[in-house]
Amino acid sequence: MNIVHTIKDVKSIIKKWKDENLSIGYVPTMGYLHEGHASLIKKAREENDKVIVSIFVNPIQFGPKEDYSTYPRDLDKDSSLCEKFGADLVFNPETSEMYPNKIYSHVNVDILTENLCGEKRPVHFQGVCTVLTKFFNILNPTKAYFGEKDAQQLTVVKKMVEDLNFPIEIIGCPIIREEDGLAKSSRNAYLNKQERKSALILNKSLKEALKSLKSGEKDLNIIKNIIINTIMKEPLAKIDYISIVDSTTLQPVEKLQSSILIAIAVYIGKTRLIDNFTFKL
């Protein structure tokens, strides 16, 4: 497995692969990799001749009061995981490589970014879409792999690729959880022992909502209140948002319909965690 840090070097390798007509699977990450990322790499390995993982903590998708400077980083550990699960190449550029000058061009996806994390983190998806556009242009992958834990991101990226005619297939992969149900996240590393225990309230609240839906409850206000009331029992938890939206348009819905996404963001102490599930009639 190779690790490269410059656009010139990564393009040189990719040109050789393309000349041999090899398919390329791409897994974009910000590093501090876990089993969720591993599942994406494994899926890419199964479906492509070559696999690239990018590791880049993208500054332009963080707001001024967010955790860019403290976001966990461990390239050695990440590289070992990438190699273990079948990556051929790790692209780990410096910020100055991706943004050598002040950036004036940005990619925005409207409507789909109005709610959920897009509402709470105003610059986030502009930063995500801009950096992914750069990576897609640099790496020219056949397929790119994203986790369903970031459900809004997955929907936004699919729409961006469709609208801008990128010749890339976007693949969504299931949420990977700890044995006790907590969704795998790099930010779980911020949690102390008590917070880690308290974080289970996210999955617990969603399970209660799903149980009620499966029992025939159709009133989405009742479903939302089940989630709120469950989370409020946990003293360390502070709700950022609870949203019930159409799983395709990400617009709020008031009545149960064919496919809904229930997504939540909750602060456990100072750490913001997200989780979700899709329910289909």
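Going from the start of the chain as shown, residues are counted 1 onward.
Positions of Cβ are set from backbone N, Cα and C atoms, glycine also.
Counting every protein chain shown, the Cβ of HIS37 (active site, proton donor) has 27 other Cβ atoms within 10 Å. Per Swiss-Prot, active site, proton donor is recorded for HIS37, and the stated evidence type is sequence analysis.
Marked as ATP binding site by Swiss-Prot on the basis of sequence analysis: 30-37, 147-150, ILE176, 184-187. Mapped onto three states, the DSSP output places ILE176 (ATP binding site) in coil.
Per Swiss-Prot, the feature (R)-pantoate binding site maps to GLN61, GLN153. Under the three-state DSSP scheme, GLN61 ((R)-pantoate binding site) falls in the helix class. Its Cβ taken as reference, GLN61 ((R)-pantoate binding site) is surrounded by 21 other Cβ atoms within 10 Å in the chains shown.
Look at Swiss-Prot and you will find GLN61 tagged as beta-alanine binding site, backed by sequence analysis.
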Inter-residue C-alpha distance, ILE176 (ATP binding site) and GLN153 ((R)-pantoate binding site) (nearest angstrom): 16
Distance [Cα-Cα, Å, rounded] between MET30 (ATP binding site) and HIS37 (active site, proton donor): 10
Mapped DSSP class for HIS37 (active site, proton donor), helix or strand or coil: helix
Inter-residue C-alpha distance, SER186 (ATP binding site) and HIS37 (active site, proton donor) (nearest angstrom): 10
Which of LEU33, ILE176, all binding-site residues, has a Cβ with the fewest other Cβ atoms inside 10 Å: ILE176
Rounded to the nearest Å - Cα separation of GLN153 ((R)-pantoate binding site) and GLY36 (ATP binding site): 15
